[in-house]
């Protein structure tokens, strides 16, 4: 079997832990039954020995496969990782979702996306990345009694993303330590109103309002202090036809949204101005993970 799982960008400014979308950048994993266990890693993380010795995908896969099938089989895993690691593009969510879905498939069980999403919550307790990695598109989610509830909206085909990827790994756990311990009532209301309005902008295609709807007072400023150049990236993107520009997930990557022609031009301009950063033009994925 082969499974493709997309990269994701979460929060989108004010939608902390609840909003996310899916990008056409995929981790590809092939799994075959084998006489002996083996693992091969290409792409991102291929030079990381730890990923071979203690691979999260493999650990989750075997845990679920053995629970479902009652068997202890050996498999050959071939990973082609295209999602940058620990850069706020959902690399951990892609691993979790991919491992669970693969385990269900190889156990002979029906792969139901709602079930996969609920199981993924066990390993990542916020749905902003795992939901778009599973469903694709723009997704708004909440958790109620250990169950994920998500509403998906396909993303306008005229839009594209420009993702700026610094050479700075930042785990979600590290990034959360930078968050403020307390929040004022006014700032809480600010984020509630902006996250709600941002969601409405995507649903109703009111893209002209995204620039201010995507503002945040909960997490971005504290997280971006780790890499102050991102404030310059954000300002530059918004001055060059980005509809919105926000920290991607917990960082360190930065996500900008624009109409396709503008996005292509913006990617070139950012790469020229910020030469130390990797820049990618990406279209949006509306399917979530796919088993081939």
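One is the number of the first residue shown, and numbering goes on along the chain from there.
Note: Cβ is positioned from N, Cα and C throughout, glycine not excepted.
The ATP binding site annotation in Swiss-Prot covers 84, 85, 86, 87, 88, 89, 90, 91, 92, 93, 94.
Apart from 84, 85, 86, 87, 88, 89, 90, 91, 92, 93, 94, the residues listed for ATP, the same chain places the Cβ atoms of 7, 83, 249 within 8 Å of the centroid of those Cβ atoms. Cβ neighbour count for residue 84 (ATP binding site): 24 (other Cβ atoms within 10 Å of its Cβ, all protein chains included).
In the three-state DSSP classification, residue 94 (ATP binding site) falls within a helix.
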